[in-house]
Amino acid sequence: MIRRDFLARTLSVAVASLFARNVFAQHSMHDMHGMSGMSDMDDMPGMSPSHPRPPAGQKAAALAPETALPAGAPLAALRKLANESSEPGVFRATLVAQPERRQLMPGHPTAMWLYGDAPQGPTSSRTAGPLSGPLVGPLIDVREGDTVEIRFVNRLPQPSTIHWHGLPVPPDQDGNPTSPVAPGASHVYRFTLPPGSAGTYWYHPHPHMMSAEQVFRGLAGPIVVRAADDPLAAFPERHLFFSDLKLASDGSVAPNDMMDWMNGREGQFVLVNGARRPRIIVAQDERWRLWNGCNARYLRLSLGDTLTFTQVATDGGLLAAPRDGLTELLLAPGERAEIIVRAGAQPAAAVLTAAAYDRRKMTMTKGGSLPADPAKPLADVRFEPGASAAAPAVPATLRPIAPLLSSSGHTIETGSPTPQKSVVFTEAMDMSAMHRPGASMSALPAGMRFMINDASFDPSRIALTSRRGEVEVWSIENRTDMDHPFHLHGTQFQVIARERGGASTAEPFLAWRDTVNVQPGEVVCIATVQRDAGERMFHCHILEHEDLGMMATLKVV
Ligand code: C2O
Ligand code: CU
Ligand code: CU
């Protein structure tokens, strides 16, 4: 690393630490009665006088107000990652992860980490890069049967990987935390998309204990896999990639504070294709692909109580049959969906909103919980139906989905009894360690443990073993006090039933998913099968929890 750059980074880490301390103090004040005076925090270990301090009277801790980012621009289309190959059936491209600056708040450029298709010159000259440009990683738009070959260039100051969230790629091509790409190094990922894999996916970094930070600094991008025979091909498509951004008042990306680590980070801004509250005009019926690329924010999407839409797909592609008449759809972090939004007969307006949702966020006192997340407007939608020709219809059957399990709970493929596996989410909070001065100063905070089957993630440990090709039933039980979205790599699964308080509710429709929310006290049963030998991760997709250990390794033999 070039010295100037190293100094800049050291400085920003020191400032970030100071910043974290102040946010910590602010956030936690009301939960910390009975603690010794907050002035203790001024003598924290590690805060030697040689560290820079913000000038007296300047509140480094303040977050930018919610109006700091301009709103109301037309929704930007996602840029596509260019295919460098002219061979049919081959998609070859380069993805560079690098520091870049963006002018989001007028007058205060934000240093981010972004995916692009070309390096922006030497890392040390990054301050010279363009201040405008996309935030969301380029769309990888490919077809079933394609061989995908992506050269990843890591120009970050940390190791990274690219994980192809939801895609059935070979385990050694899936960007596992045990296969890091060093700063300055590059790596080629190669995989072929099998028939039936059409759907809406995404990619993001997955390095050991640094995934949350790399995603909240901006690294995430969409993938669309298309089928040759798509029954909805006649609908014009719109893409809404949701991400979350937490900015300090000086325009910098705020570091995680204790509450962010405990509950998962939510910024004051939810961006749609990289912009706050864009404007969408719907002139004819449209197919929307939706991605929840937020670290931790749940999106209970709604266009208002009276405006209905039709869900046509989940994470792993089309449903067997459309789900009509929905007024809301919950997308947990990491989840995707496709919906048909109708232009209607009259001009009208609606606000695409993340409605209030209570995921039981905790406080830093034992047993305490925070109020529900309030509703948040995401985009302004105007319906301006034209006098155009008849709209395409949504067929009553979208595609066949074969159940993995028979109604008697046997494996359909072989008729044999299905092996069972149990996954239990637990957490352990050491409140005194969390409240100890300096607890939030380190990269990962003290006092919080998030576990699967009683253990925090250990890269050298195999938690579960499966046989390739064998259908299994997994029960995923949440014994914590808050929601956690369960995610399994390398395959799509079917939710069979959800149990709570001894009562089991069969899942009302068949769908392919790779991420499913599990509420406190709930057990979600899924049927799943892995097709390739190797190591697969499963984890909570609140990325702070994943980094803090709520992840484990499945070995497929
Ligand atoms: Cu989207 Cu293991 O992650
Ligand atoms: Cu994944
Ligand atoms: Cu979690």
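A Cβ is built for glycine as well, from the same backbone N, Cα and C atoms used for every other residue.
Automatic, uncurated: that is what TrEMBL annotation is.
Residue ranges 35-60, 165-190, 399-424 are listed, and TrEMBL annotates 35-60 among them as region 'Disordered'. With DSSP states grouped into helix (H, G, I), strand (E, B) and coil, the domain 'Plastocyanin-like' (447-556) comes out at 5 helix, 58 strand, 47 coil. Across the range of the domain 'Plastocyanin-like' (132-228), the DSSP-based residue counts are 9 helix, 37 strand, 51 coil. The predicted model assigns the domain 'Plastocyanin-like' (447-556) a mean pLDDT of 97.
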